Amino acid sequence: MCAAEVDRHVAQRYLIKRRLGKGAYGIVWKAMDRRTGEVVAIKKIFDAFRDQIDAQRTFREIMLLKEFGGHPNIIRLLDVIPAKNDRDIYLVFESMDTDLNAVIQKGRLLKDIHKRCIFYQLLRATKFIHSGRVIHRDQKPANVLLDSACRVKLCDFGLARSLGDLPEGPGGQALTEYVATRWYRAPEVLLSSRWYTPGVDMWSLGCILGEMLRGQPLFPGTSTFHQLELILKTIPLPSMEELQDLGSDYSALILQNLGSRPQQTLDALLPPDTPPEALDLLKRLLAFAPDKRLSAEQALQHPYVQRFHCPDREWARESDVRLPVHEGDQLSAPEYRKRLYQIILEQSGNSRSPREEGLGVVASRAELRASPARTQSLKSGVLPQVPAETPARKRGPKPPRSPGHDPEHVEVRRQSSDPLFQLPPPGRGERPPGATGQPPSAPSGVKTQVRAMAPSLTSQAEAQAANQALIRSDPARGGGPRAVGARRVPSRLPREAPEPRPGRRMFGISVSQGAQGAARAALGGYSQAYGTVCRSALGRLPLLPGPRA
């Protein structure tokens, strides 16, 4: 890691472990919070406010992650830290082991039950997003994060769009141009339709499901025209009415040129052992007409994910998500930056410099539920259990607890030592909802630690007044001030330590590195960069080559 890549005030707060990836627009590290010990992922966006488009994308992603961060299948944004140059920005996320794209490229790693579990959690996240009238617009395997317990987190909301501020009807939901991964684009996006619906996400989910079943992308087009060709020779051809409903100016011409190509079915693209219900769900998601595709709520009731279906855990918002800046308003890049920092500082209730302390995104205040200790890994063939999470904070009553709730789950409230993250403590004599007089029992093998309650400001002032002592200078002991009658602390006295004697091992460490392996000799230490997955069974499997978008 180059020291110049991380600002000093960020390195003081987070201990950088290793670099996870780097691209043209940013770099991601695995790090540890020095205050709490929590492992996090830090994403540095280069020149996040270089122009109006990049500034708007950064603004949308942060605002939407603050809205959706309490959902168990959406990545949590923990902190926002401006860079020293006022151009870059650091986003601090919870850490995950890998992503679905890396898992698929490992080969036949996922069993059928894992595929069902992963797709069910993706549907849960998509339903929650769509209930707020937000479209992700960039769902693909690389944006689906996983851990060894088969937990799913949807990330990268940079291309997401809120429809809450737009008028109803096709005229209000105008389709703007955006650069998303071609292999997962819906036909209406490829045909430059004048409007769109949440069906664009459902098409992308169908492509993700097909890639999990097949082991490689369903439609790996090399251009927009080739992408349409692969789609139209696989799915049933649309009617003229369906083409007219898209509002595309040249969709009929494209269909005329591509409609005469030989057809193949989805069955021919998938392995012969594909479950029939998986194929049925895939066909219902990959419909050409957006209004004929299943919604996320309908797909959650499909037999393919029936064993995981639980309405109490499939949350929905009761109101639309409305961004602080109207979707129709176009601000300049400096205005987006100023507005972003102003909003987060106002919501955190703190006026400190964001460059020194971070902006303290309030998404970390969501109540979480600890995962059970006996969670199965991806390598096991046992049915993965989707954790029953605490409902996200939203307007309206909370949904009742699932009948299948695991009693060993322990409800915790995440707090940080940073005052920007702290929740207001309960009043005198109050306890948080659901708290009892005794601390909750921890799972076996977990060492619990009980800390004494910190004294209040009143008790501290009384103790200070009662223990006041006359302070005088003691020139015989170095001239420092000392309290009369106070006992001297030996650790503060000058210590006359003996001079260190040379020992056997006081020589250059490079002498012994050659016998400790090539990795340690070359790198000065054992690096985790040799594997893409940490603390899981995924890293032991060979990497199979596969196409990438």
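Glycine too: its Cβ is placed from the backbone N, Cα and C atoms.
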Residue carrying phosphothreonine as stated in Swiss-Prot, selected out of Thr176, Thr458, Thr532: Thr176
The annotated region 'Ubiquitin-conjugating' range in Swiss-Prot, which must be one of 1-20, 141-160: 1-20
Which candidate, of Tyr178, Tyr341, Tyr526, Swiss-Prot gives the annotation phosphotyrosine: Tyr178
Neighbours of Leu20, Gly21, Lys22, Gly23, Ala24, Tyr25, Gly26, Ile27, Val28, Lys43 excl. site residues, C-beta within 8 Å of centre, ATP: Lys44
Between Lys22 (ATP binding site) and Asp138 (active site, proton acceptor), the C-alpha gap once rounded to whole angstrom: 19
Cβ neighbours of Ala24 (ATP binding site) where a neighbour is any other Cβ within 10 Å: 5
Densest Cβ neighbourhood among Leu20, Val28 (binding-site residues), 10 Å radius: Leu20
